[in-house]
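Per Swiss-Prot, these features apply:
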type	residues	note
BINDING	73, 76-77, 81, 83-86, 100-108, 112	5-phospho-alpha-D-ribose 1-diphosphate binding site
BINDING	73, 103	anthranilate 1 binding site
BINDING	85, 217	Mg(2+) 1 binding site
BINDING	158	anthranilate 2 binding site
BINDING	216, 217	Mg(2+) 2 binding site
């Protein structure tokens, strides 16, 4: 199969699934060769989905029920902003169950796991604890290294290679809770359609894949490109601007640490009105739409504003924090 990839021939979904399983038992040299060859060829939706399904199937089993949402993005956009996906996941948990799958930061100064630590939110739940936490609070964080022990052999090779590989985009697609709804940020335009097609193959009910013209979130100051996935429908690609849903464009404020990110999220949840609020609201509106809570982005914005302004989301944050004490 390595020669096939080197010859720039695409793998089928089934071949990709089998290759992932084979890599778990290969030598480090072979793993490095396959990952490098795939990266050079460029991967397809079938290859992404095949790897992601195999990664899910090799994960620690967890059953959190149906109707779960996730807000994980690829990261790696090179910008240091507050952790939008974490803030959005807490807002979303005011309406539905959220199992946020994530890891410590690779390029950002405030990755999800880092910010959850700063917020004093429990992040090391085993499957039994995760079920109890999500049933009690509507929120749980699934720390990726705890749920993907099969990757222990592959991770050092990725680090040694020092290049981007298919694994850079697999994390958000490999949530072991198999979410029905998802908003997923990607860090390049060419991934929007591919990842959308991969999510369709993975059987998601509804999802949005977003690229914010340089950001792996919806951009608060520019157009964002979106792939909308609905089961039993063709995927749709379109652009959206903050003004389209009634927000004034604003530049995201840089963030220097997880602690700063946590403090700024709490400020917004406490009623502070500034650029951070608009950035969070824009992405929360999309998440509520992606999770079938809101009928469109404008209704999503209205709902997100309401739970911030009436104190519901701050109360939810305290409830989630208290659970881990």
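Any Cβ shown, glycine's included, is placed from N, Cα and C.
Features per Swiss-Prot, on structure.
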| residue | record | CB count, 10 Å |
| --- | --- | --- |
| 73 | 5-phospho-alpha-D-ribose 1-diphosphate binding site | 29 |
| 81 | 5-phospho-alpha-D-ribose 1-diphosphate binding site | 21 |
| 85 | 5-phospho-alpha-D-ribose 1-diphosphate binding site | 25 |
| 101 | 5-phospho-alpha-D-ribose 1-diphosphate binding site | 25 |
| 103 | anthranilate 1 binding site | 17 |
| 104 | 5-phospho-alpha-D-ribose 1-diphosphate binding site | 15 |
| 158 | anthranilate 2 binding site | 18 |
| 216 | Mg(2+) 2 binding site | 25 |
| 217 | Mg(2+) 1 binding site | 27 |
C-alpha of residue 104 (5-phospho-alpha-D-ribose 1-diphosphate binding site) to C-alpha of residue 158 (anthranilate 2 binding site): distance in Å?
16
To the nearest whole angstrom, what is the C-alpha distance linking residue 81 (5-phospho-alpha-D-ribose 1-diphosphate binding site) and residue 217 (Mg(2+) 1 binding site)?
10
Sequence order is fine: just name those binding-site residues in 73, 101, 103 with a Cα within 10 angstroms of residue 216 (Mg(2+) 2 binding site).
73
Specify the nearest of the binding-site residues 103, 158, 217 to residue 85 (5-phospho-alpha-D-ribose 1-diphosphate binding site), where nearness means the distance between Cα atoms.
217
Spatially closest candidate among 103, 158, 217, the listed binding-site residues, to residue 73 (5-phospho-alpha-D-ribose 1-diphosphate binding site) (Cα to Cα):
217
Rounded to an integer, what is the Cα-Cα distance in Å between residue 103 (anthranilate 1 binding site) and residue 158 (anthranilate 2 binding site)?
15
Work out how many Å separate residue 217 (Mg(2+) 1 binding site) and residue 158 (anthranilate 2 binding site) at their Cα atoms, rounded off.
25
